[in-house]
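Chemist: One structure coming up, written as structure tokens, with questions to follow.
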């Protein structure tokens, strides 16, 4: 049975090459029949497929089951193979729904039938559309849990790499035999702009491979578009949309302060010119065109693009905004039958990122998704010039654009206005915050050979194998070498006294800058939005004194380093292989190498906040007793087929204003909380990743 799961994984290989070719480094051939051939290969496809099969190097042949009923895909086939795909476009959403429906409808455990259906879809559909729908189906079917989702950056490297790289990569693949180690292609750190553009100071963060993979993978686990409501309607999905993006904005603002920039300015006047320009320096290998740039001073314009299913005006958007603001002000939403329902944070999230879960899409619109579309089509709002969308409309590239953060700063402000309205959310009472009998006596961070309460960051170069995405080039690994931020591993040391009997407690760890842009102490009303959650975990407390230690690499926020920079094809004997197989669901976690903000060479003052909360108020009764498929990254990603593993509101205790404390010192005075000044210090050196393949 293992072979069939390997066969499914081969459908990710070289998405632009036809299926008549061999797949994978081992040259595996799918034996096609006439029903799988597209019109351009109708005359000679079987002959070519057989010719590949006669090659001595073919290691294995996969015989496909003929389908009794061939899927039609009337909508999805309308997307040309060389077009780019975006979930923000209504017409593309309909196409994706159609394909996902077909792949999900194959009878469970009929894996040969499913494989043939997927091969047919792979051959007949746009490669980006297929990859998205295929991955969503693989993640959500119960019989494909052993199929490993492949690293998107390895399959579509053009979404992550300077376009100049691919000429060098193909030359290396063609000239240097795969048996000889190939010198990695160096990706310069400053390839999209210079520091004359102040926003470019954040390019290392916005264009980080792991951060962009996180965003792409999160939206695979939590798709907003699917006909089957079960795929969308996961536990607390709307609230998680709020919290994950709120933490992205908080982390981005932390990085801005480290780079002497103000916090990001929300985009609230939708008719003003946009000063932020962005030139992505990316080419789409699917469409063989460059991604459209955005010049400084451009504005939103009414969208009239029938080909994309877009017909929406700025007036429409402003009306939707007023309706959402009214729902927040009254605490109620109006349903399609004119009745009302009490608004909560989960419902608001499903209104902002409109999906089948939106309570009234006609009234509240699709604001978040349309904000991406308006921002992506400023250069061609009427399809007059046949231009495609900008990077902000692709889940894998959207976080590269500085304007993404202005859009999401406004989105977060809407959620914060809900949290700050007492008729919607009441401030926490003392009993909701305290943990009777538990006293935190000290908190600290320690790293091997380093100063106590100092976190150390540095630059690292890591390699990614591009060969799976280099269509029509010779086989063998071709590596691109990225420079990215990293930090020295550290651990938290928390000392606590428990005057009651043995019990469990949830440890919640946050950090935030100690001062604002003007180097002044924060008001809690502002600093609470700057706290970034570093870890959350449950531990037993024995009676009396306790010392809790936790390694930074154990964080429930992050995915291991290997899941961002990994090549599954060489992991066969790796003892981590069982962990890597869990990438399908947990892969949407925050990248471990970006856990700590950059800091500065001189050191930036931060505050470490630790809370030991009352586990009796935290715990969740899961619907069944099945073992978890993975434990990492549950903070942003939840748990597969289970409830979110924390009963508290996401972001607790900083998700809402305090009715008594005005600063963090006052707020953290409760016995079950601890506060410690720490420093984040950057060592401005670049080190090679010891995991890189030998050159």
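Glycine too: its Cβ is placed from the backbone N, Cα and C atoms.
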Chemist: Of the residues 140, 245, only one is listed by Swiss-Prot in the Cu cation A site with 215, 219. Which is it?
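Modeler: Checking 140, 245 against Swiss-Prot: the Cu cation A site match is 245.
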Chemist: To which of 379, 383, 408 does Swiss-Prot also attribute binding of Cu cation B at the site defined by 368, 372?
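Modeler: As annotated by Swiss-Prot, 368, 372 share the Cu cation B site with 408, chosen from 379, 383, 408.
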Chemist: What is the separation, in Å, between the Cα atoms of residue 368 (Cu cation B binding site) and residue 215 (Cu cation A binding site)?
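Modeler: With distance taken Cα to Cα, residue 215 (Cu cation A binding site) is 15 Å from residue 368 (Cu cation B binding site).
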Chemist: Rounded to a whole number, how many Å is the Cα of residue 408 (Cu cation B binding site) away from the Cα of residue 245 (Cu cation A binding site)?
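Modeler: Counting only the Cα atoms, the answer is 7 Å.
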Chemist: Near residue 215 (Cu cation A binding site), meaning Cα within 10 Å, which of 353, 372, 588, 637 (recorded positions)?
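Modeler: Among 353, 372, 588, 637, the ones whose Cα sits within 10 Å of that of residue 215 (Cu cation A binding site) are 588.
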Chemist: Residue 372 (Cu cation B binding site): which of the recorded positions 219, 245, 353, 637 is the nearest Cα neighbour?
Modeler: 353
Chemist: May I have the list of same-chain residues other than 215, 219, 245 whose Cβ is within 8 Å of the Cβ centroid of the recorded Cu cation A site, in sequence order?
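Modeler: Here the nearby residues are 214, 216, 218, 241, 244, 248, 395, 398, 399.
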Chemist: Of all the recorded positions given, namely 219, 245, 353, which is spatially nearest to residue 588 (disulfide bond) at the Cα level?
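Modeler: Sorting the recorded positions by distance from residue 588 (disulfide bond), the top entry is 219.
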Chemist: Given the Cu cation B site residues 368, 372, 408, which other residues of that chain have a Cβ within 8 Å of the mean position of their Cβ atoms, reported in sequence order?
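Modeler: Same chain, not in 368, 372, 408, Cβ within 8 Å: 245, 353, 369, 371, 404, 407, 411.
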Chemist: For residue 637 (disulfide bond), which of the recorded positions 219, 245, 353 has the nearest Cα in space?
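Modeler: Ranked by Cα distance from residue 637 (disulfide bond), first place goes to 219.
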